[in-house]
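Undergrad: After the structure tokens below, expect a handful of questions from me.
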Amino acid sequence: MATSLPLSLLAPAYSFVTSHRLSLAAFPFSATAALRFTSWLYPTVSSVVHHCTLLYTGLTLLAVVLVLYITSTRVRAVYLVDYACFRPPAALRVPLSKYIEHTELAPCFDDKSVGFQSRLIERSGFGEETCLPPACHVIPPEKTLKAARAEAEQGIFSAVDAVLAKTGVCAEDIGVVVVNCTLFAPTPSMADMVVRRYGLRSDVRCFSLSGMGCSAGMAGIGLAENILQCHSRCRYALVVSTEILTSDYYSGNERAMLLQNCLFRMGASAVLLSASPARARHARYRLARVVRTHAGHDDRAYGCVQQEDDAAGERGIALSKDVMPVAGDTLKEHMTTLGPLVLPASELLAYALSFARRRLLLLAGQEDSSKPRVPDFRMAFEHFCIHAGGRAVIDELQRGLGLSDKQVEPSRMALHRFGNTSSSSTWYELAYLEAKCRVRKGDRVWMVGFGSGFKCNSAVWVCIRSPVPLDSGPWEGCMHRYPVATAQ
């Protein structure tokens, strides 16, 4: 017990010294230079300081405290070193005709369910190259734990292998692992799978996020950001976003629960973050902010996306008709928080004046026939990566934000090529923008996703180095065909 106290104090002291080693090393030189400058400029002051040793010591200590306080309270910037997306093999693709034929042959679906899924998939905005895991290609689907683990390993390991190869980062340097997947939460966790596969060090911080829906990717980014800013010894954070479809394929006939079979497809992304200043000049983007909005206090919002059993005992995700209205209300609340942080002062002033005018007219008993002013978020961002949750989601956000067809093109094309890949979809959209060479240094990219609960999370990235793609990432081999016309 006698040695435990010094050791417990030694660890934070070591961490403090290593975190501020540059400031501590530079202070003696700065103090000497300041003293010599003062001696040259003000001989009288120099004489006083020379004779007042106590005063000089006090001022020195005060300066040390101020420097250390400023450096310790400064928020460390977090950078996106690089990212990679999983591109499923062509053998797993599901053309629309194959999907419809599969539902017709499956003994679990009645004629009404087959017709409903056929109509839905034809209006989904999907192309002919979206993919489902191997277990969903057999009749009936193989909903086993082994098959689900195989799907997870294929997507996650492929994405992580790619991002480590692109960056040259050693797996031993990764101090934080965050894996998010809504439906599949095995034991050991998927974060543990990553640690085992890549031999990460024993003090790695691991987190597995489940049940958070398609917005979990932004939550994972925010979690990794907080850890990197608080723990300077963590050089890199790995954030993996995916959705495992094998274990939760719905084999019933409830329409509200059949939507998940039609909309979700294979996908995964791996993102490498760092708060190290040494990595800043090699990074691709700087994380400006992460904003999260949770509407779970409202019963309608909480219950619009639920995992449950139907009357026959088949488990699936039920999507109610309130999803779109709830998403719109949550987005409005989200934009109220995000707007003051990203909009220019001129746009904020114009919105404030419009709001004040409407309030004054209301107090005067007059009606304002004009439409309420909606802040123009096109002045805050150059690029928009809207979660490709479906054609209706993209249409609603395009109308609500007043975006052009070109601004929502990445979302529509990601939906067409890959389908709804849940929380990883925004990274396929960013890869699309980079493959089209549209992102320039200084551009701001807004990623936004919606999830069960109900949540709306977003992240704002600032490009600090214009990407020069050596390949098109997940879009390799098909980029020349896009954009394509999609069904309206």
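Just so it is clear, glycine is given a Cβ too, placed from its N, Cα and C backbone atoms.
For CYS214, HIS294, HIS383, HIS387, HIS416, ASN420, the entry in TrEMBL reads active site. The domain 'FAE' annotation in TrEMBL covers 72-359. According to TrEMBL, the feature domain 'Beta-ketoacyl-[acyl-carrier-protein] synthase III C-terminal' maps to 382-461. Residues or ranges marked as transmembrane segment in TrEMBL: 54-71.
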Undergrad: Go through CYS214, HIS383, HIS387, HIS416, ASN420, our active-site residues, and report the one whose Cβ sees the most other Cβ atoms within 10 Å.
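TA: The most densely surrounded of these active-site residues is HIS387.
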Undergrad: Going by DSSP assignments with H, G and I as helix and E and B as strand, what are the residue counts for the domain 'Beta-ketoacyl-[acyl-carrier-protein] synthase III C-terminal' (382-461)?
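TA: Across the domain 'Beta-ketoacyl-[acyl-carrier-protein] synthase III C-terminal' (382-461), the residues distribute as 35 helix, 20 strand, 25 coil.
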Undergrad: Return the residues near HIS294 (active site), defined as same-chain residues 6+ apart in sequence whose C-beta is under 8 angstroms from its C-beta, sorted by sequence, else 'none'.
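TA: Within the chain, HIS294 (active site) has Cβ neighbours under 8 Å at GLY453, PHE454, LYS455.
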Undergrad: At the level of the C-alpha atoms, what whole-angstrom distance separates HIS387 (active site) and CYS214 (active site)?
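TA: Computed Cα spacing between HIS387 (active site) and CYS214 (active site) is 8 Å.
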Undergrad: CYS214 (active site): which of the active-site residues HIS383, HIS416, ASN420 have a C-alpha within 10 angstroms of it?
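TA: Among HIS383, HIS416, ASN420, the ones whose Cα sits within 10 Å of that of CYS214 (active site) are ASN420.
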Undergrad: On average, what pLDDT score does this prediction assign to the domain 'Beta-ketoacyl-[acyl-carrier-protein] synthase III C-terminal' (382-461)?
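TA: Residues in the domain 'Beta-ketoacyl-[acyl-carrier-protein] synthase III C-terminal' (382-461) carry a mean pLDDT of 95 in this prediction.
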Undergrad: Could you state the CA-to-CA distance between ASN420 (active site) and HIS383 (active site) to the nearest Å?
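TA: Distance between the two Cα atoms comes out at 20 Å.
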Undergrad: Can you tell me how far the Cα of HIS416 (active site) sits from the Cα of HIS383 (active site), in Å?
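TA: Counting only the Cα atoms, the answer is 19 Å.
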